[in-house]
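**Student:** Can you read through this structure? Questions will come right after.
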Amino acid sequence: MATYPYGQGYPGSAGQAPGAPQGGYYAGGQYGGGLPPGGSYGGPAPGGPYGPPTGGGAYGHPTPGGPPSGAPGTLHGGGSAPGGPYGQPSTNPYGAPQPGPYGAGAAAGNIPPGVDPEAFSWFQTVDADRSGYISVKELKQALVNSNWSAFNDETCLMMINMFDKTKSGRIDLFGFSALWRFIQQWKNLFQQYDRDHSGSINFSELQQALSQMGYSLSPQFTQLLLSRYSQRAPNPTIQLDRFIQVCIQLQSLTESFREKDAGMSGSVRLSYEDFLTMVVTRML
């Protein structure tokens, strides 16, 4: 018998992760269309074992006056943005990028309907082989954290798989535009919980973030997450790429568990193979 008191997951519209295509990483999912198996991401009955979010505003939408948004990650198509990872010569790692070839955009008439103009400009830079698609390798080369470290392979592969409608291991312009918005919103959330503006999330910040997302998790489990996904250090922290990975994996596994918990009790009885199947099928 496995018992886990856990939360709604993602406060906001149906508990949806910010910018994520609803059902987008399930077979047959479209950008913004369809629902994942079992229904919406966060719809427990009021007062149920999953619990409502404890506050902090709609998920993915920082409170007014919060840190400014900029290029997600940030992107740097083959050359370092001047001054720092977000392009601003400042001690604040979240500074907005300076005007330049990456942010200039393209003529409006060349941008397909539904594609973010800034994402269109970045796509031209990131698509190094001019194939019309972005691979995991190209995405990894284009994204950096606030400490200049590249996004890890696992997170890049996870995000490609989430937005790859053709299951080809790469994304087209429309998929990249959706991914662009997805990373922007995750970056906004990351900044919201990075209370000390250090460019990373520490234990107390992660504990608060998970609590405000609606999860009821022990400090011991939060410490386990931090130890698993951070580099060894006296005071371990995680960067944006690992923050995205932790939250998406936690949400995905929570949804899978909830599908088994028909009575919304917070407990399920699973065979060994059912457990393995649940975990493997949710590994993005």
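Every residue, even glycine, has its Cβ placed from backbone N, Cα and C.
Annotations in TrEMBL come from automatic prediction, not curation.
Grabbed the feature section from TrEMBL, which reads as follows:
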type	residues	note
COMPBIAS	75-86	compositional bias 'Gly residues'
COMPBIAS	87-97	compositional bias 'Low complexity'
DOMAIN	114-149	domain 'EF-hand'
DOMAIN	181-216	domain 'EF-hand'
REGION	37-110	region 'Disordered'
**Student:** Just give the helix, strand and coil counts over the domain 'EF-hand' (181-216), going by DSSP.
**Tutor:** 23 helix, 1 strand, 12 coil
**Student:** Sort the residues of the domain 'EF-hand' (114-149) into helix, strand and coil with DSSP and give the three counts.
**Tutor:** 17 helix, 4 strand, 15 coil
